[in-house]
Amino acid sequence: MVDSVPVLSFPNLYSPLARERETLRWKELESKFESMYHLQPAFIARAPGRVNMIGEHIDTTGYSVFPLAIERDVLMAATYVPGPGPFRVELGNVSAQFPATSFTCDLTQPDSIELLTETAQRWANYFRVALRGLLSDLPNEIVKNAHGVLYVLVDGTVPPESSLSSSAAMTTASSLVVVTALGALDRINRVQMTQRAISSERMIGVSTGGMDQAVSVFGEMGKAVFVSFVPQLHTVPITMPKWDEYLFLVSNTLVKSDKKANASTQYNLRVAEVRMASYILRQKLNVDIPDPPQFPTSLRAVSDAYWAANPQALDEMMAEHKEVQAAYEDAGKEVAQLQAMLLLVDRLVPRQGLTLADLETLTGLSSEAIHREFLSPLPVQATHFFLHHRAFHVYAEAQRVLRFRHICNTLSTELARGEPCDVHDAYQRLGRLMNESHESLKHMYDCSCPELDDVVRIARDAGALGSRLTGAGWGGSAVHLVPRECLDAVIQSLRDKYYAVRFGSVKEGLLNDALFVTYPAQGACVVKCDHSS
């Protein structure tokens, strides 16, 4: 049986606190669809945004991450009307910010689906790339016989450019609309759906690792999702114990985090720096990456190959370095190996920013080869490259993810067995890991900004156990782990000391969209519309 995206009923999608608000929203979406197209929607595809609890900027290297789906989501009401003409998509949006658009294409010719550039309708590219990317997975008989009109109306509550993965929600929901409309929902499994959403976003020009799409597809109510990528994409739901007592508060700084517009100097540059760091470590450690490799130019590949070739090295490093021994005793072998990799990064990778000439000397590669291997696959602009800091962050953050999972699993097991345990102490330790993550993102990965640092500091001072930027950074949102009894104080403090100070009078509706509590939410699904009443 194919593990396809589920068809669910509305009441199972949201927490009780969100259900009343969402009921009105869904009804309004159906009503607007009917007004726009003079048709009733056959179904609504839903894909949530996400907040990453820990594990930032490491999915592109093959390391595991720890996000959860949020209740803010993208909805797409749709109906497909077969007909004799070519396949046409009518795409509307409830927000006037995103004007309606339509396009005609030949599904047997994926290249006939062209992307828009520099127009107000460019938002439709998410749907276009999702359609184009799915065609290779759809059965030939479905593609050949797809004629007529697909009507779609979009409504999203994930703020764009907020680092809550509105783009992943858009591509995932778009993919869901296509396969459902064409009768292929049960022919595409959830891993395929995730992989197509990943490749679709890459068509737009952003190097995405896969976390955002995976949690949007695999999220479960009340659970985080441990997402691993080696040896293949795999997700494990992780119960967040007492998640109604320790809450996740999201604060959008209202500074836009546009991965596409600034990719060459921010997101894509970091990806290139990490790849260069892995190349240098591979040379210095004299390791051979297996062929075909998993994440071939990644720090994960270097670490895995090094420990496979030198199994005795961990014992030697534990004997020499107390911190490696402590990591082993606290959370196991994999965490100890990552701690040891931090020592190797310190020893082997220069700390200062490196020029292109420095890189030529360090790697033995020509300028042309460096551009070809690291700087050409994606647009990159820089004069100095900070390889030590990027590599140090990746290995340290990967270790924090494993420690985070270990704490959650241990606490869940103790509670399930009725064993004595200190829930608050466990959440304090989770909070400390989140705080360490933010400091690393700020100082080692250099992707924070003054506004993110402000909301993190304010929330911690008001009682948050942990606060960190989430998503790409350079603006966007932060996530805070807050005991229920401190929630009102943290929210009020952020209102008074951040939003009021920076923006003066902020409309209540905008503030509610910027500052909200979310519960671990249901992942992507399809809801059939019932027009019987």
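Note: Cβ is positioned from N, Cα and C throughout, glycine not excepted.
Unlike curated entries, TrEMBL annotations are predicted automatically.
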- prompt: Pick from 258-285, 314-341, 370-397: which stretch is listed in TrEMBL under coiled coil?
  reply: 314-341
Statement: The average per-residue pLDDT within the domain 'Galactokinase N-terminal' (32-78) comes out at 95
Message: Going by DSSP assignments with H, G and I as helix and E and B as strand, what are the residue counts for the domain 'Galactokinase N-terminal' (32-78)?
response: 9 helix, 26 strand, 12 coil
Contact set, same chain, for the coiled coil (314-341): CB under 8 Å, 6 or more residues outside the stretch: 299, 303, 307, 395-396, 398-399, 402-403, 406
